[in-house]
Amino acid sequence: MQVFNRGAELSAALGNEKVLTGFVPTMGALHEGHVSLVERCRRECRRVVVSVFVNPTQFNDPADLRSYPRNLEADLKLLEAAGADFVYAPSVEDVYPEPDTRQFDFGQTDKVMEGAHRPGHFNGVAQVVSRLFAIVQPDKAYFGEKDFQQIAVIRAMVRQLQIPVQIVPCPIVRGADGLALSSRNALLTAEHRAAAPQIYAALKAGVEFSRTATVAQTERFVTERIDSDPLLKVEYFQIVDADTLLPLDQWREGVATRGCAAVQAGAVRLIDNVGGYGPYDK
Ligand code: AMP
């Protein structure tokens, strides 16, 4: 496994030879969720490239950027074991020699949920991912469904910029107690960590409830269930069309659903999502 701090050097090492190249962009503080993406990439591609970069332009909260966990040494050990060939761990200056002023427009896709609650977040994601794609030029890029809306935004970006890469969505990896693995879980207090699995439990309970209830009733049910724990506070819970990410007003036959939540657990903001809501999407 080779580690690069400079994009130009990584590009040169990758060369122009046509080799099926897979790419996994991450912000480090790696866990089994990231590892599942790298292992899938390893199975499907000849060459596996992983980036570890905490991208400042996608943080709308400076305190969140400051406290974001970083541990490159441990990350490199995990990546080596998972079968990565190339790691790109750059400085901010290497990725952004000059400020990126590009403004993307993803229509309605980035106006709801994370897009509505974290202004500028997806614009920053598109900035960094488009730069990383330009350096790595991958054939396939792997993204976790943990960030469900992010996949739709990346797909829109790839279409708009006509980047010839296949986006591969990967299932959410959870702890034994159901909590979706996240680098931010390490920042939870012991009490909030103990409460956090109730998010997934409520999302799943909502799927059962939704079989005989309306969209609005289900959204209220899940929200109240999570909020019933004083340590958790729902920022939003919304059931959307899984393809367009647009909010559903009623269940529709043939439309796949996804229930997406953002929850404040003390100082830490957690997101999670589950599919299969309503009487049709079983
Ligand atoms: P991050 O380092 O949080 O930016 O995540 C890098 C990639 O790993 C993104 O595509 C995430 O969606 C994905 N990822 C993060 N957590 C999980 C998880 N628990 N299961 C599956 N993929 C994940």
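Backbone N, Cα and C define each Cβ position, glycine as well.
In TrEMBL this protein carries:
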| type | residues | note |
| --- | --- | --- |
| BINDING | 27-34, 144-147, V173, 181-184 | ATP binding site |
| ACT_SITE | H34 | active site, proton donor |
| BINDING | Q58 | beta-alanine binding site |
| BINDING | Q58, Q150 | (R)-pantoate binding site |
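Here the features listed in TrEMBL are painted onto the structure.
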residue	record	Cβ contacts under 8 Å, 6 or more apart
M27	ATP binding site	V52, F53, V54, N55, Y68, S183
L30	ATP binding site	V52, A74, D75, L78, L79, S183
G33	ATP binding site	G144, K146, I172, V173, A180, L181, S182
H34	active site, proton donor	V24, T26, L78, G144
Q58	beta-alanine binding site	G120, H121, F122, N123, G124, V125, Q127, V128
E145	ATP binding site	I151, P169, C170, P171, I172, N273
Q150	(R)-pantoate binding site	E114, F122, V125, F143
What recorded positions in M27, L30, G33, H34, Q58, V173 place CB under 6 Å from ligand 1? M27, G33, H34, V173
By the DSSP assignment reduced to helix, strand and coil, which category contains S183 (ATP binding site)? helix
Around the C-beta of S183 (ATP binding site), how many further C-beta atoms are within 10 angstroms, looking at every protein chain? 19
Across all the protein chains here, work out how many other Cβ atoms are within 10 Å of the Cβ of V173 (ATP binding site). 18
